[in-house]
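Structure first, commentary second.
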């Protein structure tokens with residue numbers, strides 16, 4: 001943490017009583033004036049004992065610093081209205097009756113429980129009592145603890161759940177791990193007080209899991225999602241042929257797309273109070289694309305869903321009328337559309353494709369506005385901030401884009417900076433290395449990093465930090481500020497198989513790639529190519545606890 005890591009000019013010690021040892025309340029006022037800069041707060045805390053006590057105990061100060069530096073941008077702009085019912089004060093515990101076209105799909109409860117080895121846990125299911133919920137709330141990390149974990153890139157505790165998404169044989173034995181294709185935060189309802197309590201994980205095994213993030217347990221499982229019915233087709237079900245993409249469209253509501261070429265909306269409110277209760281598929285549009293649906297994005301202010309597929313097409317849907325697409329964008333993409341991001345304020349959307357381009361579209365007219373070239377590989381993720389547009393690609397780079405030109409006439413997407421994944425060899429060991437992001441000139445063509453990047457999460461109100469998931473299995477924190485510090489590894493890779501944890505089987509051959517990431521100020525959830533889900537808690541490390 002900043003207060004603990006920065007050293008004072010006198011080596012960190014201060015006189016018990018100095019001439020500037022003011023009362024704690026006075027030092028709190030001083031700290032409040034420095035609340036825009038954590039380093040200034042830390043330096044002021046080095047002056048004397050009461051200054052340090054004031055800075056350490058002022059939760060409002062640390063909440064402000066946490067908001068500025070590390071709060072994930074996606075948690076600032078959750079959908080205000082439910083795309084299904086249009087209710088702004090959506091009660092996620094209310095019963096859902098569904099529109100006339102809604103239909104149920106048979107499913108089962110949480111996955112079977114199996115004992116895991118040390119450091120590996122199977123996802124538990126069920127609900128806890130109100131007393132345990134109150135205990136969890138009291139045990140929630142303080143803003144200062146969260147800031148300490150973020151600033152040091154050291155999560156206090158990590159829990160890994162293996163085989164959350166996997167294929168099993170008739171004897172319920174795991175055959176293969178299935179890729180976690182999407183991790184989606186469930187927007188908090190009116191009763192949640194603005195705190196994110198649940199998230200969704202969607203896998204190539206055709207299973208959608210809803211998680212209680214505080215207790216790290218599944219509360220709902222939906223099976224057979226976007227899988228081709230073998231009784232109606234000669235197609236044989238194989239691994240990673242299920243849910244390909246997902247996005248939240250309101251509290252307890254999820255939109256998914258997958259290998260059956262369809263799009264579905266799910267509402268979990270009917271089963272929110274029962275761990276193994278029935279679930280509700282509000283609507284399903286079959287043949288939404290001519291090929292697999294690879295990306296979806298939901299508008300936060302309008303009842304719109306934008307989808308992209310392996311058929312190179314981008315389509316806009318009205319959630320109130322799904323019989324036909326509202327718009328079919330005259331796509332200029334020459335490849336599969338892997339990423340979509342919606343700018344609700346401007347009523348535009350960005351799409352990234354395997355043709356290595358980023359395109360900008362007008363959602364009202366359907367017109368193409370701009371297209372940008374620069375990546376040397378497929379674009380897998382797009383993140384929009386207030387002032388920034390970031391893309392991640394399998395060429396191992398993160399590119400920042402800016403709109404240049406008069407909006408009324410023409411705007412061009414211009415690359416403002418490029419960060420490439422690089423490896424720093426550890427001087428103490430020839431076999432170990434740390435990932436780093438080095439700045440690459442924007443006019444350098446064809447640059448490729450040491451490992452592909454699969455997903456991004458933008459952090460902080462000032463949008464100076466981001467988390468990136470890599471194909472080597474690491475999650476790294478990058479810095480967009482040119483004067484920022486070096487890149488730090490946020491979370492290490494995990495083995496594909498728990499039996500290989502103690503074996504040296506080669507870094508790239510044994511580690512599971514990161515395929516999805518979602519983050520709140522208190523927790524970072526990571527999904528892996530081999531079906532594992534990891535929760536990294538932003539709290540004081542166990543070794544530092546009393």
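Here the Cβ of each residue, glycine as well, is placed from N, Cα and C on the backbone.
Caution: TrEMBL annotation is automatic and unverified by curators.
These come from TrEMBL:
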REGION    1-21  region 'Disordered'
DOMAIN    21-66  domain 'F-box'
REGION    77-140  region 'Disordered'
COMPBIAS  99-140  compositional bias 'Low complexity'
REPEAT    286-320  repeat 'WD'
REPEAT    330-371  repeat 'WD'
Message: Give me the DSSP three-state residue breakdown of the repeat 'WD' (330-371), ordered helix, strand, coil.
response: 0 helix, 23 strand, 19 coil
- request: Using DSSP, tally how many residues of the repeat 'WD' (286-320) sit in helix, strand and coil.
  value: 0 helix, 17 strand, 18 coil
Query: For the domain 'F-box' (21-66), what is the mean per-residue pLDDT, to the nearest integer?
result: 59
